[in-house]
Amino acid sequence: SHSPLCPPGIKCGGVLSAPSGNFSSPNFPGLYPYETECMWLIVVAEGSSVLLSFSHFELEYHDACAYDYLQVYNGAARDQGNLLGTFCGHSPPPPFSSAWHVMAVVFRSDRHVAKHGFAAAYRKDACGGQLTGLSGEITSPRYPESYPNDAECRWSIGGAGGGGPLTLVFADFQMEGGQGCGFDYVALFDGPTVTAPRLGRYCGNARPPRTISSTPHLLIIFKSDFNIGGRGFKAHFYSAGECQEVFTTIRGNFSSPQYPNFYPNNLKCQWSIQLLPGYRVKVFFLDMELEGRSSLTGGCDYDHLSAFDGGTENGSLLGRWCGRESLAPVTSRSNRLLLVLHTDRNTAKRGFSISYVGVVPMNVSCTRTDFHIQIPVQSLAHLERKRIYLGTPSCAAQVVGRNFKIHTRFDTCGTESQRRNNTSVIVSTLYIDFSVGDQEDIHQYEVQCEPKRKEASVTLIAGPDPSRLSQAENLVDAQQREGEAMDAREIKSQDTSDIIFISICILAGLLMVIAVVGLVLL
């Protein structure tokens, strides 16, 4: 089968569906032709994986591989989220193991400089290989069936460009046991080779503990002897940092891996926000573009972001989103909130950018004439009382027992009367200043009272979005400019009225002089 992009007469690309096989660049081992593009799609039985290796590799070199290149995709080609790497020059790509039963290879040459090209081989169900994703899953051969005897597999994980330590979690583990794990075992190394420090050697039925590497590389070796097997194991790994984070600060922001570039496929990432008891978490969606809804079910069945109240996925679901949506902020009911991003095997998008702010626990009440605000000191333990004030810094909180308290009359502290929904309400702004050094960080809450019903409410108003804040500043600037223009118009109209007034005075003066002269002459 020759690709339509190939020069006539050159066979190139195609679908490879045998359990194993070889392929190479056109004319190999001779020089490959100019202006050629070939794509090989390797498809093996569902449930199997593909191991791809290169025996020869020589393409034109460029530091960004912009001229001639070879690309390897974990799944169908042309999906940025599946790209395992782009290669050129003389150093061959590492052996790659696919995360599922499809793998694609694309070769492209430009109109200058031809080299000898490459030769590659693949086979299905070979265990081990190079895994470069930010996250992925590995299993023993034939899992969950019994693994074969005399097997040896090596998975080398890392080099994803993330550069962070790797975490490995075993979801299932059942192997032949034995003193010192001498028969069948899984061994973990803190680096790309067996010379790296060993992190553990495991066998039997006990699930190994969660393991975190100290380098961006992890080597996993699985070995079985000549008899007695088991179900084997299933484990998943992820790169800490971009895909697994815990936040404990009063405000923060984070984004999907590689944002604003396309996120990888086959991800499960978690961001956990854990604040002091009493706080709630308010999340602002600054930007979001994930794979869209399923046309069959209308649901977010493919890639999706979910928010859970509390620290685990067992908590109540606050929302599940996909596609391109501009979302209203979401507030947790407790002091913990978990966000989970799932991506499937294909169709990656830009991802998301999110910021959050902790909603300070406070009790706000009012009478017909006064506001009462109370905040537990332990919630703002490191703040001086003058950093908490209503309307103006002169209305700062007092410390009474274990609480910061503000008790103030409606005619002070920057309160103003407004009409909302045909009801008169008293409104003011509570400021809590978390600034440290030059880092300004002032949170604002709108405090509202309906004096007739003696009902008070409080809302966090200054979200933590710098772009939105700068928009607000722009609005203020525009209003100031408008105000200045108003002043200028007023000054101008003042000038003209002054001129008219003076003219009238002069005219009246002249008329009086004429009248007096007339009287004298008569």
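All positions are counted from 1 along the displayed chain.
Every residue, even glycine, has its Cβ placed from backbone N, Cα and C.
Keep in mind that TrEMBL annotations are predicted by a computer and have not been checked by a curator.
Record features (TrEMBL):
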DOMAIN    12-125  domain 'CUB'
DOMAIN    127-240  domain 'CUB'
DOMAIN    243-359  domain 'CUB'
TRANSMEM  499-521  transmembrane segment
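When averaged over the domain 'CUB' (127-240), pLDDT in the model lands at 87. In the domain 'CUB' (12-125), helix, strand and coil residues by DSSP number 3 helix, 54 strand, 57 coil. As a summary of secondary structure, the domain 'CUB' (243-359) carries 0 helix, 56 strand, 61 coil according to DSSP.
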